[in-house]
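Student: The structure is given below, and queries will be raised subsequently.
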Amino acid sequence: MNKKTIAMLGAGSWGTAVAIHLAKIGHKTLLWSHNPQHVALMAEQHSNPAYLPGIPFPENLIPSDDLIECVQSADYVIIAVPSHAFAEITNKIPKPTQGLAWLTKGVDPASHQLLSQLVASRFGVDFPIAVISGPSFAKEVARFLPTALTLASNNTNYQKKMHQLFHHDNIRVYLSDDLIGVQLCGAVKNILAIACGISDGLGYGANAKAALITRGLAEMTRLGLSMGARQDTFLGLAGVGDLVLTCTDDQSRNRRFGLLLGREVPIPEAEHQIGQVVEGKHNAAQICAIANKNKVEMPICEQINALLHGIVHAQEAVNNLMSRPAKEE
């Protein structure tokens, strides 16, 4: 593929890491942040000390705080803001010429919609979109360590272009047309990572964590199937791959947040210690609302949501799960 200009909207750790990857393989990459001071610091230090310290920017990675200019200058636009800011960004930007891709994992907190539904209401149901997900920590992608991702799209031509844009020796990209499944995996796995962190924070050991991962996978699969997703998606990179990674490795901010809660650190202090958005905290209520609407039982997610809203404490949430009536697996 000829080298392109990419607008990466969102300069957190994940958006920055993917921007570094795209710039390293030759694409001019515009890294947008809403904060002019953050942009000035990145431009001065040629890195992102706030969210991805110690990894220098390639020369063709350019920080910017001009949202409209970034979009209008780019061949391809990728959104990497937290889910609660996604609607605001899509409402502000002009319609991208090629389509719109995003790295964001979550659902819209105001409407409980999938992000693809928000984009369809803004730019039309036939507008090309792509969701990029899978087991991937920012530092490892930025350091060119081997990574495999899933790229789901509603448009095969746009999907092919995005595949060519991302695919490289260190990143293998698998294709999917299951937008619903890939998006749900990305949202639910963060809630389950909080649960696994809490379990480890309470000192419950490997058996409990394995049970949470396995039963959590069953929960997210049930929800996905009720909404038209495909079961194989949940057994792939975006599903079990990302779930296992996020639940077991302390690079996961959702898992670290859960660890703190399991050690009885108050929620505001735990968020402060993490220092970045904890998507699982923001998405728990939304996922439970979607599950309730679709009449799907998600007991692990429900207990985490109750804990986050002060209804139960960590030990009580575990007791509630363990005392549920016996049932077939």
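Just so it is clear, glycine is given a Cβ too, placed from its N, Cα and C backbone atoms.
Features from Swiss-Prot:
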ACT_SITE  Lys189  active site, proton acceptor
BINDING   Ser13, Trp14, His34, Lys105, Ala138, Arg253, Val277, Glu279  NADPH binding site
BINDING   Lys105, Gly134, Ser136, Lys189, Asp242, Ser252, Arg253, Asn254  sn-glycerol 3-phosphate binding site
Student: What whole-number Å value do you get for the CA-CA distance of Lys105 (NADPH binding site) and Lys189 (active site, proton acceptor)?
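Tutor: Counting only the Cα atoms, the answer is 9 Å.
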Student: Rounded to a whole angstrom, what is the largest C-alpha distance between any two of the residues Ser13, Trp14, His34, Lys105, Ala138, Arg253, Val277, Glu279 that the record assigns to NADPH?
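Tutor: The NADPH-binding residues span at most 22 Å between Cα atoms.
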Student: Trp14 (NADPH binding site) to the residue listed as 'active site, proton acceptor': how many Å between their Cα atoms?
Tutor: 16
Student: In Å, how long is the longest CA to CA span across Lys105, Gly134, Ser136, Lys189, Asp242, Ser252, Arg253, Asn254, which the record gives as the sn-glycerol 3-phosphate binders?
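Tutor: Comparing all Cα pairs, the maximum is 16 Å.
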Student: Restricting the comparison to the recorded positions Gly134, Lys189, Asp242, Ser252, Asn254, which residue's C-alpha is spatially nearest the C-alpha of Ser13 (NADPH binding site)?
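Tutor: Spatially nearest to Ser13 (NADPH binding site) by Cα position is Ser252.
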Student: Check Ser136 (sn-glycerol 3-phosphate binding site) against DSSP and tell me helix, strand or coil, would you?
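Tutor: For Ser136 (sn-glycerol 3-phosphate binding site) - judged by DSSP and reduced to three states - the answer is coil.
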Student: Roughly how many angstrom lie between the C-alpha atoms of Ser252 (sn-glycerol 3-phosphate binding site) and Ala138 (NADPH binding site)?
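Tutor: Checking the Cα atoms of Ser252 (sn-glycerol 3-phosphate binding site) and Ala138 (NADPH binding site) gives a distance of 10 Å.
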Student: What is the separation, in Å, between the Cα atoms of Gly134 (sn-glycerol 3-phosphate binding site) and Val277 (NADPH binding site)?
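Tutor: One finds 18 Å between the Cα atoms of these residues.
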Student: Would you say which of the binding-site residues His34, Lys105, Ser136 has the most Cβ atoms within 10 Å of its own Cβ?
Tutor: Lys105
